[in-house]
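Report on the structure given below.
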Amino acid sequence: MIALGGKMIPCYTVQRNLACIQRTVGGVRWTSSCRPAPLLTASPVRALIDDKISIRGHFLPPRCPVTVCAQMQSDDGDLWEAFAHFNTNSDGTVNLTRDPSVGGSYLGCEPMGLLWGLQPAPGAREGLRQAEKKKVETPYVMLMSLLKGHVSPSERPSTELAAVTAERWYMAPGVRRIEIRQNGVVGTLFLPPGPGPFPAMLDLWGMGGGLVEYRSALFASRGYASFSLAYIGHKDLPGPQNLINVGDPYYKSAFQLLQDHPQVYPDRIGIIGLSFGVYLALRLASHSGIKPSCLICINGPAGSTIKLADADGRTEQTENDQKYWTYDDQGNVSFRAVSLPANLSPESKVKLEHLTCPLMYIVGEDDLSASSVENANLIEETLSAAGKSQLLTRLSYPGAGHLIEPPYTPNSRASLWSVKPQKLVTLWGGHLAPHAAAQEDSWKKILEFMETNLRH
């Protein structure tokens, strides 16, 4: 509101009525020059998912309330959105890198808060997990809108003052995506632009199964060949899909495939694993004959959470022992206690003292899906007793959950795990702001760790 002639008039009305006109107010002749229309900018408009962008509003009335809203459609067609309330500065601008949000999806000055604050829009399907990129050859398209007043997007119609779109990519220009179906190995290889050779990563995910490609695509965008490997729940693997029907020879073949590739340095290959992928990475590096240059482990166990069918690591069942499941007040299940070191089968525990390469272990202290703190303690104690404490780099993040992924992407505290034979919503943990901070910091340190151990 602005006082004119003894009356309080909404600032947007003042802007509209004073532009390009002359008017007498209180006996004084008032002249106004033309004011440009409100403008919302995002820079750069095309960037990798781990790049920061600058979001700014221009040509607004001074010291007036506005809302900046972001919307994104996932590859499954689900709408995700976030919004933040601001008060414009004296020069009629709002700058998300500089100005604090006073309400909405986050509070305070968070330059990327509109991106990591994305959550399923009202009316979305139940139990959505964070927006997993399934088509890495296309970007996420972010629609950002500048709205009049402090509003919630669900309260629309609101007055839209300006809008802009920005593309967020996992694949940089020139990155090559190659489907691999070779000697029974199922995966996708990503190669950076250029002839190489490149250092490389073997990329292992958890028991959600299938083939998750976006982290590997981003590694290739940062100069590393990366091979995302399927080991459960994929149509091209031996069935049934709810069992791990591949063993150590399968993972060795995948590692060998990287070593034999003409555009890969055979002696500069690391392994990254999240969740059950941590167990696989530790297992491969400790007793399979594979000699990786480094390991990166994110929130996972040092032994199998599932009963093994043989010494090569195949499983008899994928549903872990339900006696260790716990439930919250809404009936959502936590698998955290399943992976407590005391609850892991002794024969499956990795012989951590046999590790010979640098290991980064990343802990989300609010992990509700795995006992990450306890497994990190076990790794640290075992390596120390073996005189190998220098191999371990441990990162620990208060308030971060299980799914620590590349930065500026949203987190889901819980999501639908299964529909049959029973409907299960599983808890991942993590609070938005501290989880986002963990993703940003850990990704930076992951790339530094890879630089040190794969390039030097």
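Cβ coordinates come from backbone N, Cα and C, glycine included.
These come from TrEMBL:
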- 250-454: domain 'BAAT/Acyl-CoA thioester hydrolase C-terminal' (DOMAIN)
- Ser275: active site, charge relay system (ACT_SITE)
- Asp367: active site, charge relay system (ACT_SITE)
- His402: active site, charge relay system (ACT_SITE)
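All chains included, 28 other C-beta atoms sit within 10 angstroms of the C-beta of Asp367 (active site, charge relay system). Summarising model confidence by region, the domain 'BAAT/Acyl-CoA thioester hydrolase C-terminal' (250-454) averages a pLDDT of 92. Ser275 (active site, charge relay system) and His402 (active site, charge relay system) have their C-alpha atoms 8 Å apart, to the nearest angstrom. Neighbour density for Ser275 (active site, charge relay system): within 10 A of its CB lie 27 other CB atoms from the protein chains shown. Taking the C-alpha positions, the distance from His402 (active site, charge relay system) to Asp367 (active site, charge relay system) comes to 5 Å.
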